[in-house]
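What Swiss-Prot records for 1-23 is signal peptide. Annotation source Swiss-Prot lists N-linked glycosylation site at Asn174, Asn246, citing sequence analysis. Per Swiss-Prot, transmembrane segment is recorded for 291-311. Swiss-Prot lists 312-387 with the feature topological domain 'Cytoplasmic'. Per Swiss-Prot, the feature phosphoserine maps to Ser377; the stated evidence is similarity to another entry.
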Amino acid sequence: MAETLFWTPLLVVLLAGLGDTEAQQTTLHPLVGRVFVHTLDHETFLSLPEHVAVPPAVHITYHAHLQGHPDLPRWLRYTQRSPHHPGFLYGSATPEDRGLQVIEVTAYNRDSFDTTRQRLVLEIGDPEGPLLPYQAEFLVRSHDAEEVLPSTPASRFLSALGGLWEPGELQLLNVTSALDRGGRVPLPIEGRKEGVYIKVGSASPFSTCLKMVASPDSHARCAQGQPPLLSCYDTLAPHFRVDWCNVTLVDKSVPEPADEVPTPGDGILEHDPFFCPPTEAPDRDFLVDALVTLLVPLLVALLLTLLLAYVMCCRREGRLKRDLATSDIQMVHHCTIHGNTEELRQMAASREVPRPLSTLPMFNVHTGERLPPRVDSAQVPLILDQH
C-alpha cells in the first residue's frame, strides 16, 4: 500500500511533464540563395504570461535536428553563445534543398529540468525579384557570428557597405563563422573575436574600389605584409573591422561555358603513328610446355640420385680389400702403435706414487711434521713453536 502511495504522485508528475512537452509548430519560408535566420528566444519556450520578463538567471539550451535524422541538414547551422543567450538557426539553402523540411527543436531548462519541443516547418522556395549575379564576401574580424545574425547589425553592415558599392539594393546571402572556415579559436582576452564571413549580393556591378581591393596586385601586397590597395574611404570602420586582404568577388553575370558532353564513337581509332595496336595472337596449347617444365627437372634429379647411390653403395672398396692392398710392414707398424698405446694406458692406471706432503691434511710446511688423521684437532695449538 505504501509503494502505491509513492508511485501514484510520481506518475502524475511524469504525465504532467509529458503534457508540457507537446510540440509547438511554426511555419517559415526560407529562400534559395538568401540567408535564413531564426532566433530561438527563451520567451517562446518558457510560455510566460504577457508582460512578464524572462528571469535573467534562467539557463536554457537547445538541440535541433532534421525530423527523422540525428543532425541538421547540411545548409543549416546552429549556434548559441551561452545558456543565457538565445540560440540561432541560420544558413543559406541551395537549389537541391528546395521543398519541405521539418526541424525539431528541443529546449532544456537547466534550472527546473523542464523540456519543451518546437517543430519548425521550412517551406524552401525560390526568391522573387532580380537575380544577384555580383557577389562579394568579406571577413569581419570584429564580430562573432551570433552578433551579426540579428537584423539590426546586418542592416547596419549593408548600409555601411553601400558607400563602397554602386547604388543598388544589397542583400545578405550568407553568414559563416570563421571557425567553420578553419579559423582559430581566439584567446580569452577582451576584444578578441572569432570572426565571421559575410556574403553580400547585388544586381549592380562592383565598384572600382572593390575591384582594386580584389586585384592580384592588392593580393601581392598582402602577401608581402603591406596594406591592400584601398582607393576609397572605408565606410565600414570603425563599427566593422574588415580584413581587406580576404575579400572575394564573384561575377556570375557571364554564364559559364557548359561542359562538353562526350559523344560515344564507333570504337575505331583513327590512324595514329604513335599507337601500335597489338597483333592477333593465335591460340596456343601450353600442355607440352608444362610437361617439359615439370618432367625435365624431375628426370635430372632422378639420374643424379641413381648416380649418387651407385657411387656410395657399389664403388666401396671394403675393409678386406683395403687390408690386402696394404703392405705387411705398414700393417705391423699400425698394429704396433695401437699396442704401445694400450700398454701405456695400463701402466698409467696401475702406478702407485705417494701424494705430495703439501696436499696431506694437517701438514706443517715449516716443521715438516704430520699429525695422524685421528688426532684431536682441538688440542693442537693454533701457532706451533718455531725451532
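Yeah, the Cβs are placed from backbone N, Cα and C, and that goes for glycine too.
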Over the span of the topological domain 'Cytoplasmic' (312-387), how high is the average pLDDT in this prediction? 69
Using DSSP with the three-state reduction, classify Asn174 (N-linked glycosylation site) as helix, strand or coil. strand
